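Report on the following structure.
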Amino acid sequence: MVEAFCATWKLTESQNFDEYMKALGVGFATRQVGNVTKPTVIISQEGDRVVIRTQSTFKNTEISFHLGEEFDETTADDRNCKSVVSLDGDKLVHVQKWDGKETNFVREIKDGKMIMTLTFGDVVAVRHYEKA
């Protein structure tokens with residue numbers, strides 16, 4: 001099922017992302033860059049691992065993991081998290097935990113586009129990606 005996500009994706013639309021970053025505690029300058037950056041996300045399967053590469057003019061990140069297994073992740077805004085990515089039906093669910101806090105991203109494919117819903121507490125952001 002991960003195969004449905006394996007592609008190169010370009011951000012096309014973003015809703016409430018500034019409020020989401022603010023809730024996470026991301027500083028003003030980093031939020032300004034985050035709001036205008038249009039990252040490319042490359043999702044691939046390499047052997048039994050899933051790899052998610054995020055490339056932008058701001059910062060490049062890469063995570064490699066086994067589905068359902070916890071791993072250490074350093075985010076683009078330099079949070080050190082314990083993360084787990086798993087499949088829930090046709091959704092790819094990514095949970096990050098740090099300092100007693102938790103956020104999650106749910107990626108799903110709708111009409112050939114990848115929709116990513118980011119939730120932290122009661123703040124929800126939605127980012128839309130199209131195949132590059």
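Residue 1 is the first one shown; counting continues down the chain.
Cβ coordinates are placed from backbone N, Cα and C, and glycine is handled just like the others.
Note that the structure is predicted; figures quoted are calculated from it, not measured.
For ARG127, HIS128, TYR129, the entry in Swiss-Prot reads fatty acid binding site. What Swiss-Prot records for VAL2 is N-acetylvaline, and it gives a curator's inference as the kind of evidence.
For the recorded fatty acid site, residues ARG127, HIS128, TYR129 set the reference point as the centre of their Cβ atoms, and the other residues of that chain within 8 Å of it by Cβ are TRP9, LEU11, THR12, GLU13, SER14, LYS113, MET114, ILE115, MET116, VAL126, GLU130.
The residue listed as 'N-acetylvaline' is 18 Å away from HIS128 (fatty acid binding site) when you measure Cα to Cα.
Per-site Cβ counts within 10 Å over the binding-site residues ARG127, HIS128 peak at ARG127. Of all the recorded positions listed (VAL2, TYR129), VAL2 has the fewest other CB atoms within 10 A of its CB. Rounded to a whole number, the distance between the Cα atoms of VAL2 (N-acetylvaline) and ARG127 (fatty acid binding site) is 19 Å.
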